[in-house]
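Some notes on the structure that comes next.
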């Protein structure tokens with residue numbers, strides 16, 4: 001993942017006039033002490049949008065003109081592209097930098113895990129997948145025969161008709177709290193939605209009364225981190241595990257992790273780049289945004305230790321082998337809807353959980369998100385991972401006065417990073433009280 005310090009360079013390069021391009025590239029090279037004698041290698045991938053092929057060719061032309069080398073993978077999801085880069089940058093230690101290598105590594109780990117599952121929970125593992133009419137449909141269809149003995153998937157919004165993310169996809173389902181267009185859901189049937197480039201995932205189902213239930217990134221992180229903690233206890237390893245959230249994480253998820261599972265939780269600014277880099281500080285770091293974008297990261301030392309434990313012939317071996325496969329199943333390069341889907345399905349199978357039982361781990365506090373148009377978003381500045389307002393004076397005090405009136409309530413405002421709007425979030429212990437919070 002791009003280091004935040006390079007974002008400024010990327011912005012300068014993107015805004016440079018054609019005649020200034022060489023000077024800007026030289027400036028970046030000098031600032032970062034880049035060795036211009038070293039061969040440059042660029043990994044390229046594209047999605048299914050009509051513009052992608054032309055843009056991809058432009059990248060190839062640019063790399064060629066500057067004397068660099070490249071590998072064009074053609075059609076890939078965004079997380080698969082990250083995976084290829086990670087494999088190449090680790091000299092193949094992380095995996096084979098081919099699409100077949102990706103399919104085989106993840107599927108082998110998934111099948112090994114599901115072989116150990118008992119016949120409780122949802123005995124027949126089947127899943128309806130909304131692919132948002134994006135690249136995820138193409139890649140999941142290519143991959144499904146690798147893991148079909150552990151899971152049957154039925155694809156919807158696969159790009160054969162319909163527009164990208166239109167009335168479908170993870171963001172639509174989360175924002176509108178209803179299933180995507182074109183998917184009929186039976187009672188208690190397990191379903192999930194990817195976003196257009198397949199780096200986000202949310203789950204959902206209809207209960208026996210026909211009510212829609214969303215399982216977002218908070219509950220995904222809770223399921224994953226709880227399972228990892230249980231495996232570590234079985235193995236007898238005391239490792240530094242942490243869950244990274246943003247201010248948008250529901251307060252119930254934070255309390256469940258800290259008070260029930262005894263897993264420490266940390267909060268960062270909004271944006272997956274902040275979560276990813278914070279997660280790298282732990283032996284095992286799990287991060288998810290509420291929108292379903294996330295993964296788990298494992299330090300090199302932890303991976304080596306688990307591999308060694310998996311070779312021992314003792315009672316800890318089974319749990320260590322399970323954790324070894326879980327590590328292989330995650331795409332540690334970036335949040336990956338396909339990888340996360342397989343992780344979730346494996347954990348549900350191993351724990352014998354139905355989607356309803358997973359949803360019942362805790363109850364989300366009622367919450368509301370709004371955006372308010374303003375003349376100048378820079379008037380508001382924040383601190384403490386965007387949870388407290390610094391300016392204008394008196395704003396945070398006004399929020400505090402409202403929040404302290406209600407049980408389990410909190411609220412924050414933060415300026416958008418791209419447009420003149422202020423984003424407002426509020427939650428409380430009941431719908432009635434929530435509606436009186438600062439967001440109204």
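We number each residue from 1, going along the chain as drawn.
The backbone N, Cα and C atoms fix where each Cβ goes, glycine too.
Because TrEMBL annotations are produced automatically, they should be read as predictions rather than curated entries.
Bear in mind that the values here come from a model prediction, so they are computed numbers and not experimental data.
Of all Cβ atoms in the shown protein chains, 22 besides its own fall within 10 Å of the Cβ of residue 197 (Mg(2+) binding site). Taken from TrEMBL, the feature Mg(2+) binding site covers 195, 197, 199.
Taken from TrEMBL, the feature substrate binding site covers 289, 290, 291, 414, 415, 416, 417, 418, 423. A C-beta separation below 8 Å, combined with a sequence spacing of at least six in one chain, links residue 291 (substrate binding site) to 170, 171, 174, 200, 202, 216, 217.
For 37-86, the entry in TrEMBL reads domain 'Alpha-D-phosphohexomutase alpha/beta/alpha'. Mean model confidence for the domain 'Alpha-D-phosphohexomutase alpha/beta/alpha' (37-86) is a pLDDT of 95.
Residues annotated as domain 'Phosphoacetylglucosamine mutase AMG1' in TrEMBL: 97-202 (among others).
Annotation comment: TrEMBL describes 216-352 (among others) as domain 'Phosphoacetylglucosamine mutase AMG1'. Summarised by DSSP class, the composition of the domain 'Phosphoacetylglucosamine mutase AMG1' (216-352) is 77 helix, 20 strand, 40 coil.
Taken residue by residue, the domain 'Alpha-D-phosphohexomutase C-terminal' (394-433) breaks down under DSSP into 12 helix, 13 strand, 15 coil. What TrEMBL lists as domain 'Alpha-D-phosphohexomutase C-terminal' is 394-433.
Ranking the binding-site residues 289, 415, 417, 423 by the distance of their Cα atoms from the Cα of residue 199 (Mg(2+) binding site) places 289 first.
For the domain 'Alpha-D-phosphohexomutase C-terminal' (394-433), the residues of the chain that approach it from at least six positions outside its boundaries are 247-248, 250-251, 270-271, 365-382, 386-388, 439, judged by C-beta separation under 8 angstroms. Max Cα-Cα distance over the annotated substrate binders (289, 290, 291, 414, 415, 416, 417, 418, 423) is 20 Å. A Cα-Cα distance of 16 Å separates residue 197 (Mg(2+) binding site) from residue 289 (substrate binding site).
Neighbour density at the Cβ, taken as the number of other Cβ atoms within 10 Å, is lowest among the binding-site residues 415, 417 for 417. In sequence order, 132, 134, 165, 169, 170, 171, 201, 292, 337 constitute the residues six or more apart from residue 195 (Mg(2+) binding site) in its chain with CB-CB distances below 8 Å. Fewest Cβ neighbours within 10 Å among the binding-site residues 199, 289: that distinction goes to 289.
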